[in-house]
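Remarks on the structure that follows.
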Amino acid sequence: MADVRTHAHQVQVHPLRQHEGGIKVVYPQSGPSSTQVLAVVAGVPVGGTLLTLAGLTLAVSVIGLILAFPLFLIFSPVIVPAAFVIGLAMTGFMASGAIGLTGLSSMSWVLNHIRRVRERIPDELDEAKQRLADMAEYAGQRTKDAGQTIEDKAHDVRESKTYDVRDRDTKGHTASGGDRDTKTTREVRVATT
């Protein structure tokens, strides 16, 4: 038969919360504060005055345009080319200003670039000086080592010549006498030093 098992069920209990959002947050239950009341009292007359002035300005502009239209119509052969010339002049001035601003920003960029390069050059110069000093020290050490090697070889050659002279004199010493050998060795030593 079918195996019947009972599974434990989990139950989550959430307490009921009251929603505190929406319009209650914007308008608290206590009513407007005194600063809000003062802002409305001061803002309504100022806003009304500005709105009235805007309406008057629009009305005067429309009336002026209606009155000036016949004059525009009569003088249009002169006004249209004049407006065209003024438009071209304004375009030229704006283009000139834009080109001048571009030139000024380009010059600023070049000067900043030169300033950065000049700040970097002393560091590179110091590095180059340090490398030259290291190379000079290395060359000096190599020269000193080469000089020491040459001096050692010269000393070895002197020693070998001294021994050769002794060997020759020793052969001659047996033939002629012992006094001559010491003189020759001394003379060779003095001559080499």
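Even glycines carry a Cβ here, placed using N, Cα and C.
Predicted, not measured: the structure shown is a model, and the values here were computed from it.
Here is what Swiss-Prot says about this protein:
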type: COMPBIAS; residues: 142-193; note: compositional bias 'Basic and acidic residues'
type: MOD_RES; residues: Ala2; note: N-acetylalanine
type: REGION; residues: 2-39; note: region 'Polar'
type: REGION; residues: 40-113; note: region 'Hydrophobic'
type: REGION; residues: 139-193; note: region 'Disordered'
type: TRANSMEM; residues: 37-57; note: transmembrane segment
type: TRANSMEM; residues: 66-86; note: transmembrane segment
type: TRANSMEM; residues: 87-107; note: transmembrane segment
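Non-local neighbours of the transmembrane segment (87-107) in the same chain are absent; no residue 6+ outside the stretch has a CB under 8 Å from one of its CB atoms.
Confidence annotation: the region 'Polar' (2-39) carries a mean pLDDT of 67 in the model. Helix first, then strand, then coil: DSSP counts for the region 'Hydrophobic' (40-113) stand at 73 helix, 0 strand, 1 coil.
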